[in-house]
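Participant: Here it is, the structure in full.
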Amino acid sequence: MAANSRKAAAILLSGGLDSMVTAAIAQEQGYAVHALTIDYGQRHKVELQSARLIAAKIGAERHVEIEADLRALGGSALTDDIDVPKCGVGNDIPVTYVPARNLVFLSLTTAFAEASGARDIFIGVNALDYSGYPDCRPEFIESFAVTANLATKAGVEESAPFKIHAPLQHMTKADIARECARLGLESAWSWSCYDPLPGLKPCGACDSCRLRRKGFAEAGLADGLDYPADAPPIQGENA
């Protein structure tokens, strides 16, 4: 199917594994991918390079990058001078939580979608193997869909309202790793680490690295990223 004959979908593409798989799922479902990447002042800016690579590799119809610098607000290890924790995934909301990030990002993606003529929005949030961020939960996604249709011209005047797709929401990281392989994606195209080492290597120890490594290990698949030899062990990894 030619790209110009496919229905457009706005994809929030961070450059991470989840957003890459989400974009490919949208494409598999017949959508033309209009990807939006947001530079929010994150310390792991390497993910922006990954987003560009992913958009090129999957043949996105359009890829737009915008700045929404959240560093001035502070309050997160990803945008402030706060150490990224390396002690494992806990039960509390960690300091890597960026205040209202997905609320901000989905608002921007909705604006991008409306301007692009897209009414389907895809986001790669996950509520199983994740760090406990409140803006990844199903009830947030459901409530935002209502808000998007109340707050936009498209939602008020058109018969086809915005629909928010979160295809990974109820998948484990192992499921997502398997989807990556099934869709023919290279895991090394994506980036997950919050605290990159010199030479742009993943640390292997932050929450995001641990969850990703755990997922590939449980799926029995090799991850294409090069983790340091002294990274904390993950059961089943390299088995």
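Just so you know, glycine gets a Cβ as well, placed from its N, Cα and C.
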Participant: The Zn(2+) site in Swiss-Prot includes Cys203, Cys206, Cys209. Which of Cys180, Cys193 is also listed there?
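Facilitator: That Zn(2+) site, as Swiss-Prot gives it, pairs Cys203, Cys206, Cys209 with Cys193.
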Participant: List the same-chain residues at least 6 positions away in sequence whose Cβ sits under 8 Å from the Cβ of Leu17 (ATP binding site), in sequence order, or say none.
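Facilitator: Listed in sequence order: Ile176, Ala177, Cys180, Ser187, Ser190, Ser192, Arg212.
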Participant: Could you tell me which of these binding-site residues, Leu13, Val21, Ala23, Cys203, has the greatest number of Cβ atoms within 10 Å of its own Cβ?
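Facilitator: That would be Leu13, with the highest Cβ count within 10 Å.
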Participant: Whole-number answer please: how many Å between the C-alpha atoms of Leu13 (ATP binding site) and Cys209 (Zn(2+) binding site)?
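Facilitator: One finds 18 Å between the Cα atoms of these residues.
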Participant: Around the Zn(2+) site formed by Cys193, Cys203, Cys206, Cys209, which additional residues qualify by having Cβ within 8 Å of the site's Cβ center?
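Facilitator: Sorted by sequence, the hits are Val84, Lys86, Ser192, Tyr194, Asp195, Pro196, Pro202, Gly204, Ala205, Asp207, Ser208, Arg210.
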Participant: To the nearest whole angstrom, what is the C-alpha distance linking Ser19 (ATP binding site) and Cys193 (Zn(2+) binding site)?
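Facilitator: That comes out at 14 Å between the alpha carbons.
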Participant: Which residues in the same chain, at least 6 apart in sequence, have a Cβ under 8 Å from the Cβ of Cys209 (Zn(2+) binding site)?
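Facilitator: Sequence-distant Cβ neighbours: Ser192, Cys193, Tyr194, Pro202, Cys203, Tyr227, Ala231.
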